[in-house]
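Under the heading Zn(2+) 1 binding site, TrEMBL lists 199, 217, 233. Per TrEMBL, the feature Ca(2+) 3 binding site maps to 209, 210, 235. The feature Ca(2+) 2 binding site is assigned by TrEMBL to 231. If you look up TrEMBL, you'll see 236 marked as Ca(2+) 1 binding site. Look at TrEMBL and you will find 258 tagged as active site. Annotated phosphotyrosine per TrEMBL: 413, in sequence order. Sequence annotations record features per position, and here TrEMBL assigns repeat 'Hemopexin' to 423-470, 471-518. Summarising the annotation, TrEMBL assigns Ca(2+) 5 binding site to 429.
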Ligand SMILES: [Ca+2]
Ligand SMILES: [Ca+2]
Ligand SMILES: [Zn+2]
Ligand SMILES: [Zn+2]
Ligand SMILES: [Zn+2]
């Protein structure tokens, strides 16, 4: 591999650490014009200020500059600084205060999308994401998976401090917290661990930054993070202590804050609140009113619980924090009802779940992610999907189709496929050229003109009349960024080269081996 290609691959891997396509590094002309460092730019992305996250720089100053200055303004607004859109010394100072690694606004660590929640933090102080991310049970189990290597807190003191941090929340709600020990540690709903740097196989999992900066992060219940939902990670490069001194950060208050996230609370823009993103030591700690209102909005008050006090079986947790166990029905042996290529990533769909891979590297957890965590209001059992050349993604199921820009559904959808001149229940969609998209159903194929928005004359035809060597059924298809078309039947796929309508020699091959990085399967 030559150096330029290697660099390209590395840059793309870096891009994967962010859930959407805004570049992880700022273009030089913006960097110079706005006097912003890569580190500051990356802070704005990480904490949810750069929106939309699927923005691509145009290299036209009048378009690109406001994207960044608006992000700085939103940051200044959240932290109650003079809103100038410029990184002055005071703004920089606030930016590098020790803080929680959970984002401040818009996107939070409970899903990959942003825009529909913009503005909530202005309406009210605490933020509970419409109450979607909470535990169904008031009986919540937690565990201590490992221990800090720095700071020298005795294990018994650590346990006791965590217990008191949970009591901060159970004092004002019907919640009951129980610690699990020994072999049950990984079955707890809230698992607490001390981790350094990159500490997960999930490339989208936030990375710790060494001493200071981010001190900890946590994942909302029932969010899109799979097995780490509800978990709390402390940065083991930071020093935690029991008191308030220069040697480290107060463990009790940091833990109480992170438990707030593990219960479903987002950051508050009330600087007095425990859920304020920064670490501010509070003398004579008492849970502030804003946090009480927040947690009670989710779980009810202590005297009149809104949540029935019934244990709901959450199911066993995976065996280990860091090593994912292969599920019985592996994504490697599965067939997929739809496959699409979006900006170079392969998305596969089955039932309620989707998987994403990039250059054979599975980016989502092996058990997949919920479709509606990425595409709001999109139903399960998607049968066909393609990315239109205008960047929008189109999904088909039964008699309807949906159009999305990023994670947002376009207004007015779903709409009937009949208006496109297509039959109900298409099996697959292939955006073969800029102007022409092919739809497959049974042994027939329709050629759709994207400009005229209608099916071309003479269609449908038999698949064999249009594509040679493909057989008489296509179950999924995608046009990839290498210019080739890929068409699946069950677990196998055929490649049709750019500009051609004939299957390349050497096909079919096994789809999950070539695109999801699975071990080769003898066909
Ligand atoms: Ca840190
Ligand atoms: Ca399909
Ligand atoms: Zn936080
Ligand atoms: Zn983590
Ligand atoms: Zn502060």
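Heads up, residue numbers simply count up from 1 along the chain you see.
In case you wondered, yes, glycine gets a Cβ from its N, Cα and C as well.
These numbers come from a predicted model, not from an experiment.
Annotated features taken from TrEMBL, shown on the structure.
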residue	record	Cβ neighbours (10 Å)
199	Zn(2+) 1 binding site	18
209	Ca(2+) 3 binding site	17
210	Ca(2+) 3 binding site	12
217	Zn(2+) 1 binding site	24
231	Ca(2+) 2 binding site	25
233	Zn(2+) 1 binding site	26
235	Ca(2+) 3 binding site	27
236	Ca(2+) 1 binding site	20
258	active site	25
413	phosphotyrosine	15
Rounded Cα-Cα span from residue 236 (Ca(2+) 1 binding site) to residue 209 (Ca(2+) 3 binding site), Å: 10
The residue listed as 'Ca(2+) 5 binding site' - helix vs strand vs coil (DSSP): strand
Minimum Cα separation from residue 258 (active site), reported as the residue among recorded positions 217, 231, 235, 413, 429 that achieves it: 217
Pairwise Cα distance for the residue listed as 'Ca(2+) 5 binding site'/residue 235 (Ca(2+) 3 binding site) [Å, integer]: 45
Inter-residue C-alpha distance, the residue listed as 'Ca(2+) 1 binding site' and residue 413 (phosphotyrosine) (nearest angstrom): 47
Residue 199 (Zn(2+) 1 binding site) versus recorded positions 210, 231, 235, 413 - nearest by Cα: 235
Sequence-ordered recorded positions from 209, 231, 233, 236, 413 with Cβ under 6 Å of an atom of ligand 4: 233
Candidates 210, 235, 413, namely the recorded positions, that fall within 10 Å of residue 217 (Zn(2+) 1 binding site) by Cα distance: 235
Residue 217 (Zn(2+) 1 binding site) in three-state DSSP notation: strand
Neighbours of 209, 210, 235 excl. site residues, C-beta within 8 Å of centre, Ca(2+) 3: 196, 197, 208, 211, 212, 213, 214, 237, 238
